[in-house]
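Let me begin by presenting the structure, written as C-alpha cells, before commenting on it.
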Amino acid sequence: MEGHEDERMCGKWRVACGLYNYNLRDVFTWRLLKTLLMGQVCSLLICGTAVSCQYLADAKVETPMLQSFLNYAMLLLVYTTILCTRKGDRNILHILKTKWWKYLLMGVADVEANYTVVKAYQYTTLTSIQLLDCFVIPVLMVLSWFFLKTRFRLVHFVSVGVCLLGVGAMVGADILAGRDQGSTSSVVLGDGLVLLSAVLYAISNVCQEQTVKNLSRIEFLGMMGLFGTLISGVQLAVLETHAVAAIKWDFHTSLWFAVYALCMYSLYSFMPVVVKMTSATAVNLSLLTADLFSLFCGLFLFHYSFSTLYIISFVVIMVGFVMFNAIPTYTALPGSNEENPPEEEESSSDRLLSAGPEAQREPERRDTKRGETQRPSETPTLETLCE
C-alpha cells in the first residue's frame with residue numbers, strides 16, 4: 001500500500017507540473033522546432049534594428065521617433081489600406097466605431113514603449129537596460145494570467161528562471177569585456193524609464209495576443225499602423241523637428257534608415273504569426289537572444305571582444321525556451337476550478353495508480369478480445385494537448 005501511495009503522489013506531482021509522458025518524442029516535435037526557428041527570426045530582425053541604430057548613432061543621428069514613424073507609416077500603407085478595402089464588420093469604419101479607443105490605447109502603449117527604452121540610454125548604462133528590460137516577462141505572465149486567463153505550470157516558471165540566468169551570463173560577459181556603455185547622468189531616471197518601457201511593452205504584447213488569436217492579424221497591424229502613425233507623427237513634430245533638420249543626408253544615412261524601417265516592418269508583420277502559434281510570453285523569451293545576435297555582429301562590425309560566456313548564455317536561453325514550449329499552457333474556462341486546473345487529469349491518474357497494475361491492464365484485455373488493443377490511461381500526453 002505504501003508503494004501505491006508513493007506512486008499516486010508521484011502521479012499528482014507530474015500532473016501539477018505538466019510532466020505527463022515526458023519523453024524526447026513528445027518534447028522535440030516539428031511544432032517546437034518551427035516555433036524555435038520563427039522566434040530566432042524575430043531576434044535576428046531586432047538585431048538588424050540594433051546594428052542600423054548603431055551606425056546612425058555613429059553618424060550623430062539621434063531620431064528614435066522618426067525611425068518609429070517610418071515603421072508605422074509602412075504598416076499604415078499596407079495593412080490599413082487592406083482594412084479600407086474590406087466590407088461589413090471587418091471594414092475599418094466599423095472597427096473605428098466600435099473599438100477605436102482600445103486601439104488608441106494599444107498604439108499609445110506601443111509607441112511610448114519604443115520611445116522610453118531609447119530615451120533610457122541617455123541616463124543609465126547598457127547593463128541596467130539589459131537586466132531591467134527582462135522585467136517585461138514577469139509583467140507579461142501576470143497580465144496574461146488575469147486578462148487572457150492563461151495558466152502556467154511549474155515548469156514554465158522554472159524555464160523563465162533558466163532564461164534569465166542566460167541573460168545574467170550575457171550581462172556578466174559585457175561587464176568583463178568592458179562594454180558597460182551608456183550614460184550615468186541620472187541612473188534612477190534611466191532605470192525607471194526602462195521599467196516603464198517593459199510594462200508598456202507587456203501591455204502592447206498582451207493586446208496583440210488577444211487580437212491576433214480572437215480577431216485577425218490584419219486588423220491588429222492595420223489599426224496599429226493608423227494610430228501609431230498619428231501618435232508618433234505628433235511626437236515627431238513636437239520633439240524632433242530640430243534633430244531631423246540637422247541630419248546630413250547621404251547614401252549611407254539613407255541606407256541605414258531604410259534598413260531600420262524594413263527590419264521593424266518585418267518584425268511587426270511576422271511577430272503576430274509567432275504569437276498566434278505560441279504566446280506573447282514565449283515570443284519574448286525567444287527575443288532574449290536578440291542582444292546576443294547583436295553582440296555577434298559587433299564582433300565583426302564594431303570589433304567587440306569575444307567571451308565564451310556569450311555562447312553559454314545563448315545555450316542557456318535556448319534550453320529555457322525549449323523547456324517553456326515543451327509543456328503547453330492552458331486557458332482557464334469560466335466556472336472552472338482555476339486553482340487546481342488539472343483536476344480531471346489528476347483524478348484519472350489517482351484512480352489508475354491507486355487501482356494497481358491489474359486494474360490498469362483489465363481494459364486492455366477487454367479491448368484485445370474485440371480485436372483492438374487500447375491503452376487504458378486517461379492521462380493526456382503532450383501530443384493530445386497540442387491537438
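Note: Cβ is positioned from N, Cα and C throughout, glycine not excepted.
Look at TrEMBL and you will find 69-88 (among others) tagged as transmembrane segment. Sequence-distant contacts of the transmembrane segment (69-88), counting only residues of its own chain at least 6 positions beyond either end whose CB sits under 8 Å from a CB of the stretch, comprise 94-95, 111, 218-219, 221-226, 228-229, 232-233, 236, 257, 260-261, 264-265, 268-269.
Residues annotated as transmembrane segment in TrEMBL: 129-148 (among others).
As annotated by TrEMBL, transmembrane segment applies to 155-176 (among others).
Look at TrEMBL and you will find 188-208 (among others) tagged as transmembrane segment.
Under the heading transmembrane segment, TrEMBL lists 220-239 (among others). Distant neighbours of the transmembrane segment (220-239): 65-66, 68-69, 71-80, 82-83, 92, 95, 99, 103-104, 106-108, 110-111, 115, 208, 211-212, 268-269, 272; these residues of the same chain sit at least 6 beyond its ends, with a Cβ under 8 Å from one of its Cβ atoms.
Residues 38, 41-42, 45-46, 48-49, 51-53, 55-56, 59, 61, 67-68, 70-71, 74-75, 221, 224 of the same chain, all 6+ positions outside the transmembrane segment (251-270), place their C-beta atoms under 8 angstroms from a C-beta of that stretch. According to TrEMBL, the transmembrane segment annotation covers 251-270 (among others).
Annotation source TrEMBL lists transmembrane segment at 282-302 (among others).
The feature transmembrane segment is assigned by TrEMBL to 308-327 (among others).
According to TrEMBL, the region 'Disordered' annotation covers 334-387.
According to TrEMBL, the compositional bias 'Basic and acidic residues' annotation covers 359-375.
As annotated by TrEMBL, compositional bias 'Polar residues' applies to 376-387.
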Next item on the list: Counting only CB pairs under 8 A, let me know which of 129-148, 155-176, 282-302 has the most with the transmembrane segment (188-208).
Entry: 129-148
Notebook entry, point to check: Are there residues at least 6 beyond the ends of the transmembrane segment (282-302) whose Cβ is under 8 Å from a Cβ of it, and what are they?
Noted result: 35-36, 39-40, 42-44, 46-47, 50-51, 54, 130, 134, 136-137, 140, 159-160, 163, 166-167, 170, 174, 205, 271, 274-275, 310, 313-314, 317-318, 320-321, 324-325
